[in-house]
Amino acid sequence: MTGLVLLYSGVFVAFWACLLVVGICYTIFDLGFRFDVAWFLTETSPFMWSNLGIGLAISLSVVGAAWGIYITGSSIIGGGVKAPRIKTKNLVSIIFCEAVAIYGIIMAIVISNMAEPFSATDPKAIGHRNYHAGYSMFGAGLTVGLSNLFCGVCVGIVGSGAALADAQNPSLFVKILIVEIFGSAIGLFGVIVAILQTSRVKMGD
C-alpha cells in the first residue's frame, strides 16, 4: 500500500511540476496565446461532443450498475450462507441496479436520435446552432452518466445493507426497501435533467 501511495504521489507531483514549468516558459516567451480554449471548442466537430456524450451516458451508467450489483451481490451471497431464504427476495436490489444501466442506454438512444448531418466544414458556416447542439448533448450525456454512476453505488450499498438486515431480522426488509427506492430515484433525476438540457437541441443544415 505504501508503494502505491508513493507512486501516485510521484505521478501527481511530476504532472503539476511539468505543468508549472510549461506555464512559466510560455509566460516568459510570450506564447500564452497557444492556450486557446475558444480555438479548441470551435475547431472540434459538434459530432465529437455528441458522440462523447453518448459514450459517457452508456459507460458511466454501466459502471454504476456493475458496481452496485457487485456490492449487493456479494452481500446476498454471503448472507445467503447463513439465511438461504434471503437470496430470492433480495434480487429486487439487483433489478434496481440493472435499471441504472437501462437509464443510460435510453438516454444514449435519445441523444443519438438528435444528431443530424450537416455539410459545412468551416466553423463560421457550421453555426452556433450545431455547436450548441453538440455541447448540449455532451452535457446531457455527462449528467446522466455521473448521476447513474452514483445512483448505482447508492443502490448497491443500500441493497447490501438490506440483505444483511433481512438475514438478521426479516421485518426490516420492507423498511430498507423504501430507502432503496428513494436511492434509485437519483438516476431518474439525472435522466430528467438530461432531457431538459437537450429539449431545444436542433442539429443540421
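Using the three backbone atoms N, Cα and C, a Cβ is placed for every residue, glycine included.
Identical topological domain names are assigned in Swiss-Prot to Ser136 and Thr198, which places both on one side of the membrane.
Beyond the ends of the topological domain 'Lumenal' (73-90), by six or more residues, the same chain brings 159-164, 166-167, 170, 173 to within a C-beta distance below 8 angstroms of the stretch. The largest share of C-beta pairs under 8 angstroms with the transmembrane segment (138-158) comes from 52-72, of the ranges 52-72, 91-111, 176-196.
Taking Cβ pairs closer than 8 Å, the topological domain 'Lumenal' (159-175) reaches residues 68, 71-72, 74-76, 79-80, 82-83, 85-86, 89-90, 93-94, 96-97 in its own chain, all 6 or more past its ends.
For the topological domain 'Lumenal' (159-175), the DSSP-based tally of helix, strand and coil residues reads 16 helix, 0 strand, 1 coil.
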